[in-house]
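To keep things clear, I will list the structure first and then write my remarks on it.
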Amino acid sequence: MGISGQGGATAPRYRDEPAPLRWPFGAIVALTAALALNWALAAALPSVLFSLSSLLLFGALLLLVARISAAGLILLLPLVITRGATLVSLLVIEAGAYMPEVNRLGAPGDASASFVAFTALFFLVFALVFRRFERLFLAYARSPLLDQVVAWLGWPVVALCMALGGLALLHGMQSGFPLLAGVDRFLYRREYSSGLVLVLLDNKFLFAAMLGAIAFAPRYQPLLKTAAILTFLALTALYFLFGDKFFTILAEVAFFAMPLLLARQGRLAGTMLRLAVPVAALLCAALGATLYIYSGYGRLPLDRTVTLVGERIAGQGELWFVASRDARRVTHWDAHLVQRNLDTLGDKSPPASAFTNGVETYYFIQHYAPSKLAQSFRKNGGWVQLTMGTEATALVMFGYVGVAAIMAFLGVVIAFAALYLRRAFASAFPLSLFFAVWTFLQVYFSAQQASLWSIAAPGQINRLLLFVTVEIILLAVNRAQILVGWDRMRAALFAARRAA
């Protein structure tokens, strides 16, 4: 990654900045028409075929997002994974799967078709905003001084990850690993874990991003890059032992691979093909561990294990399914739920307040979960939630128009969080990566779990303001050093011309 002199002496820029975009308006219009037709037909003629067509349209959406911004699609991978999984879940539900967490039996309908339509709005707004501001966010992301600091921090970062992994391994060997002991991972974290183990488990995406930034950066020596890759693999194995499941591991792998994919975004298809075998092997291991967990740690027969896995798959899309059945309104305003969400913002512990007030996915636990299961959720005190609640909660509170408005808003917010992450990966500065990954995850949780507090609570906003202040200082330092070097080069060039 070097500096280009195009654009004049006051406009140095990086060579890997995106080229000006010709917006694919025709493709956007065509996809919009296909989504609308798919939804209309699914509502008029309910059939599993429209669940399949929704999956195909999701694939077309991803191709369009990649066409607008390959870097944007790479940074969107965690949300691509969860939205794709939700569509697979809705396919299973609309084929008739039972959903024990909401005590419903699935049936054909327009849940898949409507979900992919709102996902398209979300992703397209994201892609357009991301591409529009990507060049601006990459300006002065690096400087010779910052590059030197980053090079010094390579081994300490890997050593820190190794140390945390080693301490977690020792703790697991002493107290037992949830996967091997047959202990629920949430119970383990609440009752048996240590603070250092929780630091590792709660920040796995951050450590994956930092190790990926080292493993795939050309500035580091091969030994350090190999150490980063081996540390990542060892930590991933530890996450298995501590009970993490398939989609969590998949998201962790996505964060680790982001720096490599960003560096090769111009030849993304070939890179993905080369990564297919090792990624498939890692995912097979994750799937095997997940099946082992759902088999009661090897105690249940195969048919019961398959049933439990099917119910878990159905759990990914169940909230949208029940909301799209029971809250089919074009517009709505639930003042009571709105106020309860706002009440969580001023609380000292917004997550606990959300649980107490019955907002986010807790709303569906209170209204749909069988009594025994609801009691179990209450006993866990908010440690366990249902998944994928944002679209469903928005539909209950605001109707379909409200869902569209919220998903468009989240597309903008996620775009700026991803732009911050894009800049952090370009600089590879560990402190910036820490801030950027944390910021991205707060918006990610909001887009997944309907968590308003994660992006709007005063404490969260204060943290973001601190991050912005630090980044402005780094920007000023980088810009000053680059422009001084640029002016010196101009002066030397001018002197050489005069001497000639």
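Every residue gets a Cβ built from N, Cα and C, even glycine.
Unlike curated entries, TrEMBL annotations are predicted automatically.
Taken from TrEMBL, the feature transmembrane segment covers 21-42, 48-66, 73-93, 113-130, 150-172, 192-216, 223-240, 246-263, 275-294, 397-421, 428-445, 465-486. Summarising the annotation, TrEMBL assigns domain 'DUF6418' to 361-456.
Residue counts for the domain 'DUF6418' (361-456) under DSSP, split into helix (H, G, I), strand (E, B) and coil, are 78 helix, 0 strand, 18 coil. Non-local neighbours of the transmembrane segment (192-216) in the same chain are 78, 154, 157-158, 161, 164-165, 167-168, 171-172, 175-176, 183, 224-225, 228-229, 231-232, 235, 238-239, 242, 244, 248, 251-253, 255-260, 263, 421, 425, 428, 430, 433-434, 437-438, 441; each lies 6+ residues outside the stretch with a CB under 8 Å from one of its CB atoms. For the domain 'DUF6418' (361-456), the model's pLDDT averages out at 89. With a threshold of 8 Å between CB atoms, the same-chain residues lying at least 6 positions outside the transmembrane segment (48-66) that come near it are 24, 27-28, 31, 34-35, 38, 41-42, 72-73, 76, 80, 83-84, 87-88, 90-91, 94-95, 108, 110, 112-113, 115-116, 119-120, 123-124, 126-127, 268. Between the transmembrane segment (73-93) and the transmembrane segment (465-486) there are fewer than 3 Cβ pairs closer than 8 Å, counting only residues 6 or more apart in sequence, so the two stretches are not in contact. Segment contact holds for the transmembrane segment (397-421) and the transmembrane segment (113-130), given three or more CB pairs below 8 angstroms at sequence separation of 6 or more. Sequence-distant contacts of the transmembrane segment (113-130), counting only residues of its own chain at least 6 positions beyond either end whose CB sits under 8 Å from a CB of the stretch, comprise 23, 28, 31-32, 35-36, 38-39, 41-43, 50-51, 53-55, 57-58, 61-62, 64-65, 68-69, 71-73, 75-76, 79, 83, 86-87, 90, 317, 320, 324, 391, 400, 403-404, 407-408, 410-412, 414-416, 418-419, 447.
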